[in-house]
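Colleague: Quick paste from Swiss-Prot:
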- 27-94: domain 'Importin N-terminal' (DOMAIN)
- 159-196: repeat 'HEAT 1' (REPEAT)
- 379-416: repeat 'HEAT 2' (REPEAT)
- 420-457: repeat 'HEAT 3' (REPEAT)
- 591-633: repeat 'HEAT 4' (REPEAT)
- 890-927: repeat 'HEAT 5' (REPEAT)
- 1013-1050: repeat 'HEAT 6' (REPEAT)
Amino acid sequence: MDAQFTLELTQLLFQSIAPDTTQITEATRALETKYLKEPGSLLSLFHIMGTCENPQVRQLAAIEARKLCHKYWSSVDADVQNQIRSNLLDITLKEPESIVRHAFGRVIAALAKLDLPEGKWNELSAFLVQATMDQNDSIREMAVYVLYSIAETVDLDNKLLLDFVNLFSQTITDSSRTVRVTSVQGLGAIAEVLESDDKKLLHAYRATLPGMLLVLQDVVQVGDVDASKQVFDVFNTFLIASGAIISKALGNIIEIITGIANSKQVDDEIRCMALSFIISCIRFKSRKLQALKLGKPLVLTLMEVATEETTDDIDEDCPARLALRSIDLLSTHLSPSQVFYPMFEAACAFSQSPQASYRKAALLSIGVAVEGSSESVAGNLPNIFPIIINGLCDNDMDVRQAALLALSQIAVEIPTEVSKHHAQLLPLVFELMSTQGVKVGKSACNCIDALLEGLDKSEISGYLPMLMERLVGLLEFSDTPDIKSCVAAAIGSAAFAAQDDFIPYFERTMASLSQCLHTTDDDEGYELRGTVMDTLGAIANAVGKQAFLPYTEQLIQLAYEGIQIDHSRLRECSFCFYAVLARVYKEEFAPFLEHIVPALFKSIDQDESDILSERIGAPTAEEISQLLDSVETNEEENDEELEKAMGVNSAIAMEKEIAADALGEICMYVGAPFTPYLEPTVEKLVACTTHFYEGVRKSALSSLWRCATTYYKVCNVPQWQPGLPLKVPVPDTVKNIFEAVRKCTFDTLEEEYEKTVATDILRNFAESIKTCGPVVLGDDYEKLCEVVMEVLQKQHIVQAGDVFDDDFEEEDIVSNEEVDDTEQDALLIDSACDVVIALAVALGGSFADSFKVFYPQIVKYYMSKNGNERAMAVACVGEVAGGIESAITPFTRDVFSLFMAALEDSEGEVRSNAAYSMGLLCQFSTEDLSSEYLNILQKLQPFFTQEVFRTALDNAIGCISRLILHNQNAIPVDQVLPIVFSKLPLKEDYLENAPLYHMILALYRQQNPCLVQHLGELIPVFASVLTGSPEQLNDELRSELLSMVKEIAPQYESVVSNYPQLVALLQ
């Protein structure tokens, strides 16, 4: 060892801890560029560790020595190595400062990692085991900490792992709390590498869990926040380690940790740790939780926690806020039977409480649960609305705000159902927006925003004058960017609902919004500007391209400037604005592509790690690794740095999601002029399909399918015909793009673990097949059928079980039959049925052989207790009948029996779908079912006298129309038609207009007396469908119906004259 070098190195280490920034910078540079690059620096550092009197320098020397061990230890002479090993153990035992002892312990572990595999330092284990039994607490603590460091650092075989488990199982009961906690950490390190195939090791490990729980309860009871965090970190490790470790103990673990979360005697910071564990448990062990039927006790406990006060800072964790987050996740990951229904029962009781905190918790629980249980919420709206209305009228401000938040969330998730109650809800919310303080007023404005978006043009018209006067007034006179943002968003929703009825308010609104585009250069200003860009897009869509044209170029330039600003939210809103303008201007948007598409590419190309270092001055990837390894440094600061890193990554990921989605939208609406950008767009999007964030994957895949479908359309391929091989030639370029999209789609599906992504993939596949026909399938028809069958059998990887639980013992496996489906599960299966339907449409009669395989799997869902699944099964079989047409004949008797039973189902949606499907079966099957028509009519009769389901009446009319078209002689037309005509026009399911008006046209050509005598009273119906929304009729049917009306118009001139729009059409 060079004495002079060691002296200089010591001086530099002293300089590194000086209070002078300049000295620190100079010392760090010298250490990195010169001194620590010398092989002899390791020996000098060991010397400084043992001799320096300053504990900070000793600690720093140990940190640097640990980093250098793997570089220089092998070059040290064997005799010197032995001397260092002995001396290192000695100085570690004698070190008085615990943080320095830990640093020394890490050095011992680093050397052990190098020595033990080579059969060196064999005496270390015996020394440490002996030290764990020493009378001196500090020696035991040191020994266990070194053992923990070795367990964390060294690759141990199963025999050594078992020795460590057995040793920690003894030290976990030590009289020293520090020893006990460190023992738990050591066991946590072992859990990360433990594999379940060694049963002896697994059972020994499981035997330590009760002891670990006792340590957790102890540190929680004494309020030791740091120790609690260390132990909770270990329990969090269990959730992503071998599933077999805690599978048998999970119920007991949840019970204890839930108790901690719910105890007001426990420090809030520790309770937040417990709730964070519950959140992770829901994410990673949802099927196990469901199999253990823990959903109900969990949600009830969490609702109790939700009654507590929340902190003012919405970004700050507190027990109540985390409890609501947990309820949100529970509703998504567990079935409604275990979460929503127990939660709603408790919410009903809470809402009657004299304590405002309970009434507030009831409303907030309903609000957070709706995203994962929207179908269940929709089915219970008659019982939910009274709770919300009472909340809106509550005398407590916090309860009123909670009611607004709940109503907003429900309106976002199920807008159609909520919009039916606008007359009851909107006046209450208007009043709160006008008369309450800023806090409630802001929530009321957000609620208005959500409610308006669900209204149609006719529903909003009565509110528009008063609403726009109030909103524009608030926008012009409020000084608060936050309030302005809420108001601007509400204006956007009003425009979205009003469509061209918004034109009278257009100029004043644009003038007011324009002022908000020149805001302060801070987060609030950028947020406001982003929201205004969203609103301007909604207005452009409402008023149309001609009215918006004077503003277009300037706003596109402003949006482009927004993209250059370092603010993800503003960039996202600019991307959305471009996508909306593409929808409005279509091919006329082409001149702007040369600037906009590269900007979208730039966003997608962002490297999260580069941006991380650039934006927050964060360390490099290697330095982050060192931060994670260096537990002897300030862990709290490290956590903050990593949180900042994750925050930046999340913001960039969400920006990429929006950019990917905007590319697909722009491609779809601009069409042919986008073709020069198509190839690089596909390349960028394909790269995004492997992104870590599911939102990016989903947007990228959706946009890829839109790009492929759009290219098919712009190539003007003749209308496809059902069947494979292709009957209509398709250019190779079209085949190639579909092949590329299919490949990354199947690659993603092979390892996708997010149900929402898998669901979206199958929906896009189905839509593309229906639009573009069999060319979409290429050579992958069998592969697609395999994926769909896996999903229908609940055997796809995304349905296979909890994340990380691929190595349970056989008795621990949770089968799909043991748990009810979540609504997310049901959506995935529904999307698989969509693909089956699409294949039937694209392949026609040739799909019949495949349908023989699919049919039993689909019909199994009709046996489900879940009404939605029964409805799905009936609709799927009916749609397939419509796709394969006469090829349904061999299935007729089975399918007919299914539909007849479904027409009497307890659920209205099932009966509605059965009516639709029965019509298709009777229309296309070549087996004569006319003898059953009267039985079918009998089962349809209640549809005309009762409220069965939203679409039930329309489906019944469609069914009857098909029966008449197929064999009118089997129907008492003179009795049936007056009833059908009295219920027109159709209001809910416009698809049924096709059989209805084909039937009317057919009877008219025959001059059927029953039809002819009702033609006069049908004029208002014809006026409604011919002058109403275009989606009511396809072009061909519209033309035929218009011709018929022109023929009969002279006979009914006095009636026709009451409908000016119809008169204009007839001229």
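Keep in mind that glycine also has a Cβ here, set from the backbone N, Cα and C atoms.
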Colleague: Please give the sequence-distant neighbours of the repeat 'HEAT 6' (1013-1050): residues at least 6 beyond its ends with Cβ less than 8 Å from one of its Cβ atoms.
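Modeller: Same-chain contacts beyond the flanks: 977-978, 981, 984-986, 990, 993-994, 997-998, 1000-1001, 1004, 1056, 1058-1059, 1061-1062, 1065-1066.
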Colleague: For a three-state summary based on DSSP, what are the helix, strand and coil counts in the repeat 'HEAT 2' (379-416)?
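Modeller: Going by DSSP assignments, the repeat 'HEAT 2' (379-416) contains 32 helix, 0 strand, 6 coil.
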Colleague: Which whole-number mean pLDDT does the model give the repeat 'HEAT 3' (420-457)?
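Modeller: When the pLDDT values over the repeat 'HEAT 3' (420-457) are averaged, the result is 88.
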Colleague: Can you tell me how the residues of the repeat 'HEAT 3' (420-457) break down into helix, strand and coil by DSSP?
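Modeller: Counts, helix then strand then coil: 31 helix, 0 strand, 7 coil.
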Colleague: Under DSSP, the repeat 'HEAT 1' (159-196) has how many residues in helix, strand and coil?
Modeller: 28 helix, 0 strand, 10 coil
Colleague: For the repeat 'HEAT 5' (890-927), how many residues does DSSP put in helix, in strand and in coil?
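Modeller: When I sort the residues of the repeat 'HEAT 5' (890-927) into the three classes, I find 30 helix, 0 strand, 8 coil.
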